[in-house]
Amino acid sequence: MREAPLMEHLEELRNRLIWAIVSWAVMTAVAFTFRVQILEALRRPLDAYNTTASLKAELIVLNITEPFLTAFKVAAFGGLALALPFIVYQIWAFIAPGLYPHERRLAIPFILGAGFSFALGAVFAYFVLLPFAVPFLLGFLGDVVTPQISIGMYMGQVVTFLALMGILFEMPVVSYLLAKLGMLSSRFLINNWRIAVVLLITLAALITPTVDVVNLSLVSIPLMVLYGISILLVKWAERGRPKEAEATPV
């Protein structure tokens, strides 16, 4: 009898995982039907480079499976982005029974905020960062050699960069949620802002596809702005935190 609660939790976890995977699969199928349009959109930074380059960059195929695998991977990323709000809901629905009623009311704002923040990060990377990064990288020896890039490698790098920026833009939403749950304080964020700046610049250097100061700044400055927004949101969360939710946050 003592194992019944554990088995119930495991059953609930299994069901939530199944729903999350099914939603991802369905959205991947939807994205796959628009694979041509998605691939064309992802290659636009390369097309923009070709408008001014003396030697045009070309996307090439290295083996017979690369076109299908590339289309499938891109569709899987698109499906994950589309299914993200539902997946986040499944995670929340699993942990919600152990939360206070006022904490459970955070579900809808958090899900909507997470989806919006991820999309905003990906859009920022696509319209602001990639138009600078692609010409900069391909500009080296651009008048000497013709860039021939594997379509799988190119799409993989672009999609990875979009996903990373989408995840990083979740910083304010996650900070607000942790503050509402009593797990994070504005005092901690303010007292450690110098460490945060160093970590954010280091992180920006790791994910920035180029090594120049301009592109590094285009990534690191927005991250610092997001950190500042996180502090403001945490302060807002602290102001409205119920007494029973207060803990000893970091």
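Glycine too: its Cβ is placed from the backbone N, Cα and C atoms.
The following features are taken from TrEMBL:
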TRANSMEM  17-38  transmembrane segment
TRANSMEM  74-95  transmembrane segment
TRANSMEM  107-134  transmembrane segment
TRANSMEM  154-179  transmembrane segment
TRANSMEM  191-208  transmembrane segment
TRANSMEM  214-234  transmembrane segment
Top Cβ-contact partner of the transmembrane segment (17-38) among 74-95, 107-134, 154-179, 191-208, 214-234 (pairs under 8 Å): 74-95
Best-contacting stretch, by C-beta pairs under 8 Å, relative to the transmembrane segment (154-179) and drawn from 74-95, 191-208, 214-234: 214-234
